[in-house]
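**Q** Structure incoming, see below.
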Amino acid sequence: MIDRYTHQQLRIGLVSPQQISTWSKKILPNGEIVGEVTKPYTFHYKTNKPEKDGLFCERIFGPIKSGICACGNYRVIGDEKEDPQFCEQCGVEFVDSRIRRYQMGYIKLAYPVMHVWYLKRLPSYIVNLLDKPLNELEDLVYCGFYFARPIDKKPTFLRLRGLLEYEIQPWKYRIPIFFTTRSFDTFRNREMSTGGGSIRQQLANLDLRMIIDYSLVEWKELEEEESTGNEWEDRKVGRRKDFLLRRMELAKHFIRTNIEPKWMVLRLLPVLPPELRPIYHIDEDKLVTSDINEIYRRIIYRNNTLTDLLTTSIATPEELIISQEKLLQEAVDALLDNGICGQPMRDDHNRIYKSLSDVIEGKEGRVRETLLGKRVDYSGRSVIVVGPSLSLHRCGLPREIAIELFQAFVIRDLIRKHLASNIGVAKSQIRKKKPIVWEILQEILDDHPVLLNRAPTLHRLGIQAFLPVLVEGRAICLHPLVCKGFNADFDGDQMAVHVPLSLEAQAEARLLMFSHMNLLSPTIGDPISAPTQDMLSGLYVLTSGNRRGICVNRYNPCNRRNYQNEDNNYKYTKKKEPFFCNAYDAIGAYRQKRINLGSPLWLRWRLDQRVIAAREAPIEIHYESLGTYYEIYGHYLIVRSIKKEILYIYIRTTLGHISLYREIEEAIQGFWQGCYNSMLPARIRVSPG
C-alpha cells in the first residue's frame, strides 16, 4: 500500500515476473502459498459467497468483512492473544477488509503473451529493438507463421534460417500429420517458435550494448554519405537515421533503469484487487459487474483450455493448439487495450468492454480525474469575464458560488453572533437569503483569499490567490492584467475556484500566491502582467479621439466630416469647442452627456512656459473687448493680458486622454507612497488619500 508520507513520487514502468509474484503471492500461517487465480468464477449462486480460487476469493484477496472469515468465524483485529490468525477450515486470514483494495492476484499463463502496448502503440518498442517490420512481428505474435529455431551442434529437422511461413501449404498440412500433440509440442519447442514465446526468446537474446554500438556505427556511415540527389532516397536515409537514434536511446534507457526487454512478454498476468473491479447486487437475481471481470473470466477460460490441451490431451490437432494460443493472446489484448488489434471484444448486448487503457487514459481516466484533477470539496467552477474596475489582487465571485463555498463559515458566524440557535436555523436563514447573511459573507470574504486555477496548469502562475468580491450574475470577474499568467482570455474560458481551509494554506496564499506578488515570469523574468488584447483595444479607443491638431480638424475640408460629434450639424469652431478649468469639470460634462469621449476640448493646464517654442507663430489670434486676446496654436492656446502677460494656458485634448492621464498619475502616486511607507516604521506610515 502506498504511504503518502514515505512515497513522494510515482513511476510507471515494466516489472519482472518475480516482482508480480511478490505482489500477488502470500504465505498463510500454515505454510500454504496462495495468490494464483485458477477459476473463472466470482460468487456462488446459492450462498452468494466468493468462490475459492476465483476472481473474488477471500483466501487470495482477504476477507469481505473485517475480522470475519468465509465460515463466519470472528476474530478481533490486532489482538495478538487471539490464536490462530487465520481460519483453519477456509484459510481466510483475520485482517482488515481494506486489504482487498491493494492485495493482488495473478494468472499463470500457459503460453507467453505479448504486451500489446509495446507492440502496437507508437512508437513500437518491440520494432525498435528487434529492427523488424511491424506486420512481420504481428504475424509472429498472432501465430501467422513459424520462426525456425537454429540449435548449435545438433541436427535439426528444419534446415532453414530466418522465417518459415506457416501459410505455406506443405508445412501447414504435413507437419501435424507426423506428430501427436505431445510429440508436436516437443518438436516445436526444439526447432520451431511462434506466438509470444518467439518474441520473448528474441528479446532475451538481445545484447543492448551491442545494439548501441552497431547502431552508432551504422548512423555514422549514413551521416558520412553524400546526398544522392534523389529526394525519395534521401528521405529514406533520413528516416533510417532517426530510427537508429530512437533505437540507441531506447537501449540506453533499458540499461539505465535495469529493465530487461523480455519483460515486455507476460508469463504471469496480474489480477487487480477486487475493490477496483467491484460487483454490485441490485436485486436478488441481478448483478452489476465491471467489464474487467468479464475479460478476466475469458482469459481464465481460454488459459485453462490451453493448459488442458497441452497437458492432458494426446491426439489434439496442432491447429487447435495454435488457435487457442491466438485466442489467449487476443483475450489479454482486450484486457490491456480493447480494440487496438481490430475488432473489439463485446458482450451479449454488443456493447464494447472497457479495458484497462480506457480506465486509465483520457480526461475521465483514473490518472487525470482521480490523481491529477481530483474533485475536491470547497471548490467551484464558472466562466470568466472581464472586471475592469477590480484591483489586481481581487476577483469577482458570484453570490451563488460564494454562499456555497463559505456556507460553513457563515453558519459558524451566525451561531457565534447569536443570530441562529443551531445549524438548522442557520441553514434556513441562508436558504431565505436574508440581508444579514450577505453582510456576514462579505465580512468573511474581506479576510479570506481564494485560489483561482485554469487548466492546464503548466507553470506556477496557473493557480493564483485573490481576495473575492461579491458580484451579481454567475460569471467570475477577473482583472485583465492577470490573464497572461493563466493563458486565459474572455471567449468562454472556465476557471476553478478553491477555498484554502488550513492556516498554512491561507498563509501560503497570502505570502506567495497573490496575483500582485507574481508580476514577473518565473522562467525569464519578463513582466507577466502586461496589457494585452482587450486592454490594448480599450487604450486605443480611449485615446483615438479628435486630437490631430486644429489645422487638420478645422482647415482641411476633406477631414472635416470625420471629426464631427453625434450631431450631424456640429462643426468644430472655437465657440463649439468648450473650455474647462480642470479635469473634474470635463468629467462632469461627460456624465451630463454634453461632450463625447473623443470630442476635442480646451483644458486649463499648468504648462511650463519653457516648452513653448518662442519661434512658433500662432495660427489665429482672437481679441476680446477688454483687451485680452487668445493666441491659438496647433495643440495649445495662450490667454494674454493687455500687457502681453500670460494669464492662462489651455491644451487641446480629449476626455479619453484626460482619463488615461489621471489613471497614470494615481498609479505613480500610489507607487511612490508605497515606497515611502516601506522605508518608515510601521507606527508612522502614511495612509493613501
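Using N, Cα and C of the backbone, Cβ positions are placed for all residues, glycine too.
Residues or ranges marked as Zn(2+) binding site in Swiss-Prot (evidence: sequence analysis): CYS69, CYS71, CYS87, CYS90. Look at Swiss-Prot and you will find ASP489, ASP491, ASP493 tagged as Mg(2+) binding site.
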**Q** Sort the binding-site residues ASP489, ASP491, ASP493 by C-alpha distance from CYS90 (Zn(2+) binding site) and give me just the closest.
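**A** It is ASP493, whose Cα lies nearest.
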**Q** Using a 10 angstroms cut-off on Cβ to Cβ distances, just flag whichever of CYS69, CYS87, CYS90 is the loneliest among these binding-site residues.
**A** CYS90
**Q** What are the other residues, in sequence order, whose C-beta lies within 8 angstroms of the center of the C-beta atoms of CYS69, CYS71, CYS87, CYS90 at the Zn(2+) site?
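**A** Along the chain, the qualifying residues are ALA70, GLY72, ASN73, PHE86, GLU88, GLN89, GLY91, VAL92.
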**Q** For the binding-site residues ASP489, ASP491, ASP493, which one has the sparsest Cβ surroundings, going by other Cβ atoms within 10 Å?
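**A** Result for the binding-site residues ASP489, ASP491, ASP493: minimum number of other Cβ atoms within 10 Å at ASP491.
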**Q** Check the Cα-Cα distances from CYS71 (Zn(2+) binding site) to the binding-site residues ASP489, ASP491, ASP493 and tell me which is shortest.
**A** ASP493
**Q** Roughly how many Å lie between the Cα atoms of ASP489 (Mg(2+) binding site) and CYS87 (Zn(2+) binding site), rounded to a whole value?
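**A** CYS87 (Zn(2+) binding site) has its Cα 64 Å from the Cα of ASP489 (Mg(2+) binding site).
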**Q** Return only the integer: C-alpha distance in Å from ASP491 (Mg(2+) binding site) to CYS69 (Zn(2+) binding site).
**A** 59
**Q** Around the Mg(2+) site recorded as ASP489, ASP491, ASP493, what other same-chain residues have a C-beta within 8 angstroms of the site's C-beta center?
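**A** Here the non-site neighbours turn out to be ILE384, ALA488, PHE490, GLY492.
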**Q** With every protein chain in view, what's the tally of Cβ atoms within 10 Å of the Cβ of CYS71 (Zn(2+) binding site), excluding that atom itself?
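**A** Result for CYS71 (Zn(2+) binding site): 13 other Cβ atoms within 10 Å.
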